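Copied over from TrEMBL, here are the features:
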- 30-37, 147-150, Leu176, 184-187: ATP binding site (BINDING)
- His37: active site, proton donor (ACT_SITE)
- Gln61: beta-alanine binding site (BINDING)
- Gln61, Gln153: (R)-pantoate binding site (BINDING)
Amino acid sequence: MKLCRTIADIRAEVAGWRQAGQRVGLVTTMGALHAGHMALVAEARGASDRVVATIFVNPTQFGDPKDLETYPRTEAEDLAMLEAAGVDAVFLPDVGEIYPPGDETIVETTALARVFHGAVRPGHFRGVATVVTKLFNIVQADAAWFGEKDYQQLAVIRRMVRDLHMPVDIRSVATLREKDGLAMSSRNRRLPPQDRAAAPVLHRALEGAAALVARGGATVEGIGELVRQIVAEEPRARLTGLDIVHPDSFEPASGAVTGPLGLMISAEFGGILLIDQREIHP
Ligand code: PAF
């Protein structure tokens, strides 16, 4: 597995493969890899001749400097996992390589980035869209894999690729969960035991909402009430966001449920923000 720390190095590597007519798959990460990331790598491995993974803790998508500072960094373990999974090259740039002095261009989806996560973390999706554009331009993969756990991020990236005519195929992979339903996330390892035990409440709330809708006759307001009630039963959880949206436009939904909806929840557990989301269908 080749380690590339500069744009020139990764470009040279990928250019050789492309000349040989090979299909290149990409998995972008911020490191602290877990089984959820490895599911993306496995899908990319199965569908590509060559796989590139990137590890870059992107400063522009963090609002809170403390969150950026304390974000887990586990480079040696990450590289061992990627090598074992058959990744061909890893791109690990430093901040100056991605954001050179004088860098002032940003990429932003507008309406999609305003709700839910975007509303509580202003600028977050601008940071994501900008860095993902840079990584797409640097690696020039044929396809890139993203997790459905980051439902809004996936929607933002799909929209950006469509609107800016980027020649990359976006593939998604279902959320991987722990046995108790907690969505796998690099943040989970920062939860003290009592908060870790409380965190599956997010999954219970999503499942409760899905069951309510599946029974028929549900309203968006009724879903909201049920989710709030389930989360309120867990004293260690502080609900910070609840959005129920139309999946394509991310416009807030209301009234009777007549089609698929995106349900997105975020909550803090002792200061650690966790998100979970799923589509629900009548
Ligand atoms: O999902 C992530 O880990 C990040 O948001 C991404 C897509 C790697 C951009 O920094």
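Cβ coordinates come from backbone N, Cα and C, glycine included.
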C-alpha spacing of Glu148 (ATP binding site) relative to the residue listed as 'active site, proton donor', in angstrom: 11
Helix, strand or coil at Met30 (ATP binding site) [DSSP, three-state]: coil
Listed binding-site residues with Cβ under 6 Å from ligand 1, out of Met30, Leu33, Gly36, Glu148, Leu176: Met30
Nearest recorded site to Gln61 (beta-alanine binding site) by CA-CA distance, among binding-site residues Met30, Leu33, Ser186: Met30
Spatial neighbours of Gln153 ((R)-pantoate binding site) among the binding-site residues Leu33, Gly36, Leu176 [C-alpha, 10 Å]: none
DSSP-derived structure type at Gly36 (ATP binding site), helix or strand or else coil: helix
Chain-internal residues near Gly36 (ATP binding site), provided their CB is under 8 angstroms and they sit 6+ positions away: Gly147, Lys149, Thr175, Leu176, Ala183, Met184, Ser185
Other C-beta atoms that fall within 10 angstroms of the C-beta of His37 (active site, proton donor): 27
Least surrounded among the binding-site residues, given as Gln61, Gln153, Ser186, when other CB atoms within 10 Å are counted: Ser186
